[in-house]
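Record features (TrEMBL):
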ACT_SITE  D307  active site
BINDING   H58, H60, D152, D307  Zn(2+) 1 binding site
BINDING   H60, L61, R62, N92, N280, H311, P325, G326  substrate binding site
BINDING   D152, H179, H232  Zn(2+) 2 binding site
DOMAIN    47-235  domain 'Dihydroorotase catalytic'
Amino acid sequence: MSEQLLIKGARLYGEGDPVDVLVEGGVIAEIGTPSGPDGAEVVEAGGQVLLPGFVDLHTHLREPGREDAETIESGSAAAALGGYTAVFAMANTDPVADNAVVVEHVWRRGREAGLVDVHPVGAVTAGLKGEKLAELGAMAKSAAAVRVFSDDGHCVADPLLMRRALEYSTALGVVIAQHAEEPRLTVGAQAHEGEHAARLGYAGWPASAEESIVARDCLLASYAGARLHVCHVSTAGTADILRWAKNRHSSGSISAEVTPHHLLLTDERLAGYDPVNKVNPPLRTTSDAARLRTALAEGVIDCVATDHAPHAPQDKDCEWASAKPGMLGLQTALSVVTETMVRTGLLDWRGVARVMSERPAEIAGLPDHGRPLLAGEPANLVLVDPDAEWTVHGAELASLAANTPYEGMRLPGVVTLTVLRGRVTAREGKTC
Ligand SMILES: NC(=O)N[C@@H](CC(=O)O)C(=O)O
Ligand SMILES: [Zn+2]
Ligand SMILES: [Zn+2]
């Protein structure tokens, strides 16, 4: 914790001349041209981009229950290598994280792994069954201090239950993150309802299944005076609803995330029949992806969240209809954002800091992440080589699972250093 680290010649937010950053006692001690004390670890940044460490509001770490697909330790390694200093672990584990015992377990295992701050997300309903509220208060007051609740993987579809959850959340000062999917509209769904799914004979997830729940929840949150976070926005229509809701909502209490895969990939991929492309919500159309990019650039969508969803080989290397939905995301997120948002000119690096670090930290109420790069601030940092490229190979990623949709793709933007409270957690592609 009290080690000294000197990052030499980094460009803060990719702006201005390179400066040296001295990290001491877990905080940024000095920015400018500090002479590193003898014995300080030195990183030659060579003009690379220094940003606040990334925060992922949406990660599936699979522990407890599916340690064959991912563990808190392996997922933490993937997170550190991806430039993350905090992740939110979704509640759809086995047992479900719907009580204080499970969330405290996840929180403790994250501390033991020590590579990234692991914050458990608590379930909204008992057993993710959508029938009665889980013990939100007990989870909020537990040692894990849960601040984000979600039934992700399932929608809190019952409007009365969602209303109660939102009302209850205001008293606890927490946020409800909704997986927006009207289940009556997605029975048997396999892919985005559109031309490609029709050709392959797949039952579709219509855009309206997502949009009808987002519209409903924006109204419920508004009437309850509650905060709502919309998970993995995937359609242009949802962006329209969010813009409308944010304009009429007084206190900025609606937020939303988009995944890297919905920014880059489309349902044209269905033609390959490869279940690696099966995900919920499904890959949508080219015009949806284009609209998600502009919505993110404009702030209609607040942030990028990975929805990192590792699956064991037997759950993916099978017939499309039996495959589980979800794809890896932690180690490729920065590169996909570089490709879709930076190289296109939609975001500069300050914008990347906003959507991958500052806004997610604000939404979850993390006081020591997503902070400005200033002396005295916590040293949660990521160094990015914006010009380097790499080729993605699932087998080489730190996750136990290998279900990356970017297999063999060459992507720009390489994370070269991740620092958690002054301690190097990843450097040059290896965890420390
Ligand atoms: N995104 C997915 O397709 N799958 C997620 C669940 C979810 O995020 O809805 C999973 O847990 O595997
Ligand atoms: Zn989901
Ligand atoms: Zn998810």
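Just so you know, glycine gets a Cβ as well, placed from its N, Cα and C.
Whatever TrEMBL says is automated annotation, not expert-curated.
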Recorded positions whose CB lies under 6 angstroms from ligand 1, from H58, L61, R62, D152, N280, D307:
D152, N280, D307
With D152 (Zn(2+) 1 binding site) as reference and a Cα-Cα limit of 10 Å, the qualifying binding-site residues from L61, R62, N92, H179, G326 are N92, H179
Which chain neighbours of the Zn(2+) 2 site, leaving out D152, H179, H232, have a Cβ atom within 8 Å of the mean position of the site's Cβ atoms?
H58, M90, S150, G153, A177, Q178, A180, E181, C231, N280, P281, D307
Arithmetic mean of per-residue pLDDT over the domain 'Dihydroorotase catalytic' (47-235):
98
Can you see whether DSSP assigns P325 (substrate binding site) to helix, strand or coil?
coil
Same chain, not part of H58, H60, D152, D307: whose C-beta falls within 8 angstroms of the C-beta centre of the Zn(2+) 1 site? Give them in sequence order.
T59, M90, G153, C231, H232, A305, T306, H308, A309
The recorded positions listed are H179, H232, D307; by CA-CA distance, the one closest to R62 (substrate binding site) is D307
Roughly how many Å separate the Cα of H311 (substrate binding site) from that of H232 (Zn(2+) 2 binding site), to the nearest whole number?
18
How far is it from G326 (substrate binding site) to the residue listed as 'active site', counting Cα to Cα, in Å?
8
How many Å lie between the Cα of H60 (Zn(2+) 1 binding site) and the Cα of H232 (Zn(2+) 2 binding site)?
13
Does any of D152, H179, H311, P325 have a Cβ within less than 6 Å of an atom of ligand 2? These are the binding-site residues; tell me which, or none.
D152, H179
Going by C-alpha positions, which of the recorded positions (H232, N280, D307) is nearest H58 (Zn(2+) 1 binding site)?
D307
Going by C-beta under 8 A and a gap of 6 or more residues, the same-chain neighbours of L61 (substrate binding site) are E70, T71, I72, G75, S76, V87, A89, M90, T93, V106, V118
May I ask which residues of the same chain, at least 6 positions away in sequence, place their Cβ under 8 angstroms from the Cβ of P325 (substrate binding site)?
K278, V279, N280, P282, A309
With the fewest other Cβ atoms within 10 Å, the residue among the recorded positions D152, D307 is D152
